[in-house]
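Per TrEMBL, the features are as follows:
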TRANSMEM  16-35  transmembrane segment
DOMAIN    20-306  domain 'Sugar phosphate transporter'
TRANSMEM  47-72  transmembrane segment
TRANSMEM  84-102  transmembrane segment
TRANSMEM  108-130  transmembrane segment
TRANSMEM  165-189  transmembrane segment
TRANSMEM  201-219  transmembrane segment
TRANSMEM  231-255  transmembrane segment
TRANSMEM  262-283  transmembrane segment
TRANSMEM  289-306  transmembrane segment
REGION    324-349  region 'Disordered'
Amino acid sequence: MGKGGALSESVVKKILLSYTYVGIWIFLSFTVIVYNKYILDKKMYNWPFPITLTMIHMAFCASIAFILVRVLRLVEPVAMSREVYLSSVVPIGALYALSLWLSNSAYIYLSVSFIQMLKALMPVAVYSIGVAFKKEAFKSEIMANMLSISMGVAIAAYGEAKFDSWGVILQLGAVAFEATRLVLIQILLTSKGITLNPITSLYYVAPCCLVFLSLPWIFVEYPVLKESSSFHFDFVIFGTNSLCAFALNLAVFLLVGKTSALTMNVAGVVKDWLLIAFSWSVIKDTVTPINLFGYFLAFLGVAYYNHSKLQALKAKEAQKKAAQADEEAGRLLEEREGDSVGKRSESQD
């Protein structure tokens with residue numbers, strides 16, 4: 001009885017910890033999105049420089065990562081040659097820079113709620129690019145699911161009260177670059193046995209992002225900032241914003257490392273609904289019934305996709321356990337046969 005009680009207690013503790021990790025990630029993701037919107041929106045803080053904001057984030061994260069890895073030596077660097085860095089990390093850094101730049105730029109033109117609705121296309125983009133790179137097998141039922149998600153997002157876009165074509169292009173571009181980055185991480189890093197935690201990831205990728213972002217920044221935002229005599233760097237606003245962005249990277253690692261990537265996908269759906277509710281009730285963004293209907297259809301498609309992934313994961317785990325059981329049974333059989341042969345030889349002697 002006591003043994004069963006202890007098992008039950010450990011299970012409850014594990015569930016509570018999982019919910020804690022999910023809560024931390026949702027809170028930080030929510031905070032970063034709303035904070036970025038506040039800084040970039042012309043009706044709020046009115047600082048519409050998304051490249052500069054992204055560069056501040058990358059410079060802050062790279063500095064903290066460098067201190068933790070090289071100065072304090074709290075985190076071990078990954079053994080990586082220059083060739084691997086140039087062929088694997090640099091392309092991923094370039095895609096990450098483009099994804100962050102475009103997604104932050106979209107906040108200037110679109111509402112928080114509508115951006116979350118457009119982000120529902122992420123599974124569609126990841127699956128489509130995975131098929132293109134031959135990392136995913138094409139299946140008609142999965143593609144039908146992807147089309148249902150796309151249809152839901154299209155209806156949500158049709159019902160958007162403040163539709164901005166340029167903002168939609170920016171956000172869709174951000175989704176495409178982020179999906180490509182996720183697929184390339186599997187191809188260029190995971191396949192080579194290289195795994196990066198959030199600190200080492202920022203240590204290697206953030207400086208690369210900073211370099212790529214500096215190229216458009218010199219031509220697009222630097223001339224405007226140079227002419228703006230009223231500009232002053234607000235250390236409180238940008239410091240806390242960067243700290244939140246850094247904490248979010250740690251929270252992603254904590255959530256995926258202690259639970260699973262699938263849990264983060266499910267938690268992301270909850271976060272999106274919370275952001276839509278916040279955008280409508282607090283920021284006073286217009287959310288139409290057609291918006292909600294379209295997003296609800298997309299939400300059902302995403303939920304089904306996550307459910308299918310979970311079932312596939314369970315089936316894979318079951319196969320692995322069955323294979324281990326068969327291997328163990330085979331080993332026991334060999335041992336018994338060996339023992340019986342040994343006993344026969346002893347009796348003959």
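Quick reminder: no glycine exception, Cβ is built from N, Cα and C everywhere.
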Residue numbers, six or more beyond the limits of the transmembrane segment (262-283), whose CB comes under 8 Å of its CB atoms: 18, 22, 25-26, 29-30, 33-34, 37, 111-113, 116-117, 119-120, 123, 252, 255-256, 292, 295, 299, 302-303, 306, 309-310, 313
Maximum Cβ pairs under 8 Å to the transmembrane segment (231-255) - stretch from the list 47-72, 108-130, 201-219: 47-72
Intrachain neighbours beyond the transmembrane segment (108-130), with Cβ under 8 angstroms and 6 or more residues off its ends: 33-34, 37, 40-42, 48, 50, 136, 142-143, 146, 149-150, 152-153, 156-157, 160, 162, 164, 166-168, 170-172, 175-176, 178-180, 182-183, 265, 272, 275-276, 278-280, 283, 285-287, 291, 294-295, 298-299, 301-302, 305
Same-chain residues near the transmembrane segment (16-35), Cβ under 8 Å, at least 6 residues beyond its ends: 112, 240-241, 244-245, 247-248, 251-252, 254-255, 258-259, 263-264, 267-268, 270-271, 274-275, 278
Chain residues outside the transmembrane segment (84-102) and at least six past its termini with a C-beta under 8 angstroms from it: 50-51, 54, 57-58, 170-171, 173-174, 177-178, 180-181, 184-185, 188-189, 192, 194, 204-205, 208-209, 211-213, 216
Average model confidence [pLDDT] within the domain 'Sugar phosphate transporter' (20-306): 89
